[in-house]
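What Swiss-Prot says about this one:
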- GLY484, SER485, GLY486, LYS487, SER488, VAL489: ATP binding site (BINDING)
- 464-660: domain 'FtsK' (DOMAIN)
- 720-739: region 'Disordered' (REGION)
- 178-801: topological domain 'Cytoplasmic' (TOPO_DOM)
- 31-53: transmembrane segment (TRANSMEM)
- 58-80: transmembrane segment (TRANSMEM)
- 89-111: transmembrane segment (TRANSMEM)
- 131-150: transmembrane segment (TRANSMEM)
- 155-177: transmembrane segment (TRANSMEM)
Amino acid sequence: MVKRNQRKKSAPKKRLTKAEVEKQRAIKRMILSVLMALLLIFAMLRLGVFGVTTYNMIRFLVGSLAYPFMFAWLIYLFCFKWLRQKDGMIAGVVIAFLGLLVEWHAFLFAMPRMLDQDIFLGTARLITRDLLALRVTEFVGGGMLGALLYKPIAFLFSNIGSYFIGFLFILLGLFLMTPWDIYDVSHFVKEAVDKLAVAYQENKEKRFIKREEHRLQAEKEALEKQAQEEEKRLAELTVDPETGEIVEDSQSQVSYDLAEDMTKEPEILAYDSHLKDDEASLFDQEDLAYAHEEIGAYDSLSALASSEDEMDMDEPVEVDFTPKTHLLYKLPTIDLFAPDKPKNQSKEKNLVRKNIKVLEDTFQSFGIDVKVERAEIGPSVTKYEIKPAVGVRVNRISNLADDLALALAAKDVRIEAPIPGKSLIGIEVPNSEIATVSFRELWEQSDANPENLLEVPLGKAVNGNARSFNLARMPHLLVAGSTGSGKSVAVNGIISSILMKARPDQVKFMMIDPKMVELSVYNDIPHLLIPVVTNPRKASKALQKVVDEMENRYELFSKIGVRNIAGYNTKVEEFNASSEQKQIPLTLIVVIVDELADLMMVASKEVEDAIIRLGQKARAAGIHMILATQRPSVDVISGLIKANVPSRMAFAVSSGTDSRTILDENGAEKLLGRGDMLFKPIDENHPVRLQGSFISDDDVERIVNFIKDQAEADYDDAFDPGEVSDNDPGFSGNGGAAEGDPLFEEAKALVLETQKASASMIQRRLSVGFNRATRLMDELEEAGVIGPAEGTKPRKVLQTN
């Protein structure tokens, strides 16, 4: 019995669980917090000797800031869990409080009675006097802690400089307490500067318009006064009562002036983008009609050629120099678009700090030593830039995309290994809330040059900067992505950007829209060469018309002696400056195909040939293409098309195969499908992730209606594809003829030479589609060259070579 009791006494105590230990700590923390709160309350209320003494002891530490110090301490005791979740809140309060201590102590030692006293001894003497007398009467500045901070600052910067240092501490503390970071502040400052610049430019334009109105009004009054004087002078002339003729000598002078005016060359009105619609009333009726009069065509180019090299022209090139629009044209303004809505990404900033810890822990669990250098919050994704340790292979990190997505609870993760131009690896994680980038916001923040008519703001990068591209440098663009990924919105944004900068006599469009709903809103704008083409059979002919225009322009360039459209237009300007006969510069042409796959199904051979020829030669002629498709497969985007359309824009696709078809690399399958894209221009080896701008249908209709009010559409018959029918020879599913295939003789010669007949051989040797090859086999059978099909056996060749 004794042994059993001894065994029980010597048994080890049961170890507490982690939850029980945490519970005991919480109880101790609560008891300590309550006791500390009671102590602070007694001190704040100065209850009795204990309260006054405690208050003076706190004053000894922080001086006359004892009340704010105790109040902040009480908040920390009961809200410390909430404060720990707010990163930077505690540090901000501490730094701001230190700044206040410096300010209070600088104020104390600016008093006359403290000027000659030692900082530490003078402060201690004031506090000790109240402490021993059990009273609170003296202003003691920032206490001993304030004296400790103030002494070196006052020694280095003087008493006045201490005020500035303390103020900087307070500003820094307030900045840390807010959810903003330095990038938000710089972005806010940049936006404020941009808005001030825009307001200044608008005021400058308004002042210019007012000056022009006053000038035009003065000219009008002067002309009216001159006309009245002339009418009065003519009324005073002597008229022969028999013949009714003027017998004064002024008759000859008047006749001479009229004759001189009739032979004078019309003056081309200079374009003024500030001219308002209501200013037309400032012109006389004759002047207004004269300003809207179209300039006559200058048929022969011999004068221009002789002014340069006096070269001979064997055959005159027919080029229409007649302007198709009136010269009084006002460009649209950004006010036509809906204003930008405010965005709040403070939630993302709190999430970023958490994700940085998760990323480092996840890599550590896989035995990879990395450090997150920085994080950039974009509109749709946040990019974490990590630096691997020496000896860590890049593919070890890139292979962890799925594991990182699991750890971060993200939809998908895209890894950019490495970031071009940096010794870092980028990890792009989708944001919890996508911030929409409006077209107006992107336009106002972009730094596009208004002189570059084809420079278009495309979207925002991950760092929040607006990115623009110049279609003239691309020189052609392929846009591909699945349905609903933002492809059509991006095309509308490109068109709207060009319409915002270019007049109809500067840029022309040819739009091809087999779906009949995407681009039909642009019908009847003056920038169109022909109405929007919706018939796929007409589209191939329309593209051929553009090819013919390209050839005509090159023939013109060769005879004038220039290499591109810029050189030709420069020659025209020089010729117009020295000659009374004016010529019109050539316009840029932008060809937009909204659904390339539909055209390739109807007339693949003709469409592909036209696209390839334009891709090879059209840049110097001022012709550029934008090809869009929602089926990025190799039978739509062939190798020749990709070789001649070097700039690519990939939206979200379903597989890595489609991404490789567009960009020649993976990545587009990781996109969100919310207007984000991978843009790979001609001058970059790696794609750039951008968040495209959103432009609503209402915005498009407003800008289209504004342009239609400026001028009417004047289509060019030279680009009209004419009428086509379903039985039109030359159109078939693969580009072959419906009857009497032109490759029949070649196919017959091939079969007779090889004494073999199969659709696959014809398809391979003649480079045709399978459907066309089977039709050629049927024609060979009807012509008696080969026998009928016998199941799996090869066909017999009935003729010999």
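Quick reminder: no glycine exception, Cβ is built from N, Cα and C everywhere.
Keep in mind it's a predicted model, so treat the numbers as computed, not measured.
Annotated features taken from Swiss-Prot, shown on the structure.
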residue	record	CB count, 10 Å
GLY484	ATP binding site	12
SER485	ATP binding site	24
GLY486	ATP binding site	25
LYS487	ATP binding site	26
SER488	ATP binding site	21
VAL489	ATP binding site	20
The transmembrane segment (58-80) versus listed stretches 89-111, 131-150, 155-177: most Cβ pairs under 8 Å: 131-150
Mean of pLDDT values spanning the domain 'FtsK' (464-660): 90
Outside the transmembrane segment (155-177), six or more residues from its ends: residues with CB under 8 Å to it: 88-89, 91-103, 105-106, 109-110, 185
Cβ-centroid neighbours of ATP site GLY484, SER485, GLY486, LYS487, SER488, VAL489, 8 Å, sequence order: GLY481, THR483, ALA490, PHE651, GLY675
DSSP-derived class (H/G/I helix, E/B strand, else coil) of SER488 (ATP binding site): helix
